[in-house]
């Protein structure tokens, strides 16, 4: 690989670095050399991660070489000769050399990011470099690395963690017990870089625990990859035994670092948590009193006594009493108190700095006990004890000598908690009675107290960073594509910064088209503020804007909304008006789901649609998974539409208190933002992140359309990324919609003519395996989930895929027979007429709705069907056809979908499914699929169920042609009734 001398350090880079990459690496090396901190911004797509890894590891390698030379010099020294006749200068030089060798040491690198998918991307970048042979390891959770079938059956990370601890403590986990004897195995210590998936595979092969094996690799690793919380959460740092002395801490994707620092120091406890903890302690006491404890927990002696339980219960009862006594003036919104209230509440229950370590230890022992007991009887597994332990750990992490700072930076906000049924006064009165009663003090006293939620919120991110700096780290580097403005970030984190950088983008001006669209095609103002977001005219105009843009933008179009409620509101309105169907005719639409399982399958379908058809539209939400971590390079994202500014909820108590904190602590010297400036910046940073999904590398190109007139305001423009501001000019203005359409069409025409076509491997890779893994049968470990190994397509895409964290737990609505049907090879036995899902892997037919040429045969009303191979993307028949297309600008006219008489349902099953998916919501499509599969092998009742769903989903005039098209998939005995019911519509 080419070698470049940067800041005096030879750096091997996969290619000759661009000026922005060279500037970035120079800043990194300066930080490491001087032992200082840096805040570095470089836009997404500039090779930030690659530059970061190469520069830091090049410096580490240089230091290792220097260290070895110093050690050799010491070994060769003739001490006897020096002692007898050496000069004072020689002795002094040798002394300095020995001092450097002993105390200087070679620092380690800790690379942290927000999610494991981002860490996997970074490790994949490292594999491309000359530093791929340096020792590395990634730390993950038990949820991701554990291969013990019993532990993996537990629900929730907390239960898995506690069950793992229990098995390790009782020496019943054979995987963990083998780690010591096999930790030096070549497969584990080899030169290859192992991510989470690789560690799991090695663990399965060697039959050792990947979780504990990875911890064994840390001391010898040159670079360790881990998520943020392992660093910033003191409890996680202690649990994972992370030593930070003389380390270089790199926080990538650090645009959310303030929030992460605040959240790591915040905690919540509910009245119901305390009440359940009292019940759990009481239950254990009853077991002790009855003599059943030995049967429940085996022959091992207990780590606690009945006296310990009695004391803990008394403390919990006092805590419950103290919480009940808190007066909430505003029941609807809650009441805010000084931070001292939390210490007062805990103090009344005798939780103090002096005994908190003992109490936390007792709570952890009780969790272990309940985990064992829960194997034999139906009881809770100690989750409330874990919550209480977290509360005490976080609240008392702040030392007594900094309490004045704590009181200025924290607030307690008390909200009302909805009481659960069955926790009433009568029940408590019956159960109260002596120490073995389960009732609470409130119940015993005959009063009915309202349950509360106690929030202990931190508003000073400097607390988390200060704890990090106090561990004697060598350097801290914060980096992201969207950190600006840097001064207020540095001020809030209270971190001394010697190096800072705001890089321009690596792409040419001609590769990016940026415009502010202030009005839609009907001249309706586009502004997604509180006063206008419910305006039907605005929602319609926004839909018309997306429709017109979808006609021009090739391949993938991303549309980001400020929030999920706004996204759902627009979808409902567009489906009712017919705009949804019209957009779907141009490109199939995908919505960002909120659940992890659905998200993974939806992304797969989106990438497949990009390859198989004329593109697709993905509608998502700022701050969601799509906007934060996924790569939409090349065809996957040719344009991004931002529909509004995603401001935090104005009335949210946490937002109100954050603004008050900034106003109260802002001075001329500390340069903190005002409350309003922070509020605006929080929205703009989310926009910057969403925009960064599109331009992903040097040869990429795309359009950025800001569809909210507020983007022209100077306060908003100044908070956009520097490279975007360069495209908007000194005085940004809203552009008329008509000229934008012409310019946008010309932009893509020029880009397609002048830019190099993307490599098909890069384009098709992103989520083919990413988000999907399958269950593979393992003889030793049933139900263990791994990446698929049989599908050649998945194998070829694996190297460049973006791994979505915990993708191995995906479950979709598709039954097992759907998967087997979809996997039928071409040329095999023909599927039956009822096997509706069977041809998704075969060559399919598609309807070219964009075709503007007349068919030479048949009626002009017919839709021309084009055959295509699934393995290649759909292309226009010729470039001349594309240039002859005419796009009609919709203005002041409500667009109605074509009548059902002019449409016919697709003939092929796969095309029918795709067309149906684009016309209905995800929930409707899932209901349809489930009913259809039940009908396939079902009875007359299943036909009635299917008909009910069909009539509910497809009875509207604009989609009735799809209802008619369903007839041929029905059994013969049901077709007459189908005709009667459809005919009566």
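The backbone N, Cα and C atoms fix where each Cβ goes, glycine too.
For the domain 'Helicase ATP-binding' (7-303), the model gives a mean pLDDT of 84. According to Swiss-Prot, the domain 'Helicase ATP-binding' annotation covers 7-303.
Per Swiss-Prot, the feature ATP binding site maps to 42, 43, 44, 45, 46, 47, 48, 49; the stated evidence is sequence analysis. Of all the Cβ atoms in the protein chains shown, 23 others lie within 10 Å of the Cβ of residue 49 (ATP binding site).
The [4Fe-4S] cluster binding site feature in Swiss-Prot is assigned to 146, 164, 173, 209. Taking all protein chains in view, 28 other C-beta atoms sit within 10 angstroms of the C-beta of residue 146 ([4Fe-4S] cluster binding site).
What Swiss-Prot lists as motif 'DEAH box' is 252-255. Listed as Cβ neighbours of the motif 'DEAH box' (252-255) (distance under 8 Å, sequence separation of 6 or more from its ends, same chain) are residues 48-49, 52, 111-114, 118, 122, 478-483, 628, 685, 688-689.
What Swiss-Prot lists as phosphothreonine is 874, and the listing cites similarity to another entry.
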Cα proximity to residue 44 (ATP binding site), best match among binding-site residues 146, 164, 173, 209: 146
Cα-Cα distance linking residue 173 ([4Fe-4S] cluster binding site) and residue 49 (ATP binding site), given in Å to the nearest integer: 38
Cα within 10 Å of residue 48 (ATP binding site) - qualifying binding-site residues among 146, 164, 173, 209: none
Chain-internal residues, separated by at least six, CB under 8 A from residue 164 ([4Fe-4S] cluster binding site): 142, 146, 148, 151, 173, 211
In the chain carrying residue 47 (ATP binding site), residues 6 or more apart in sequence that have Cβ under 8 angstroms from it: 17, 18, 21, 506, 697
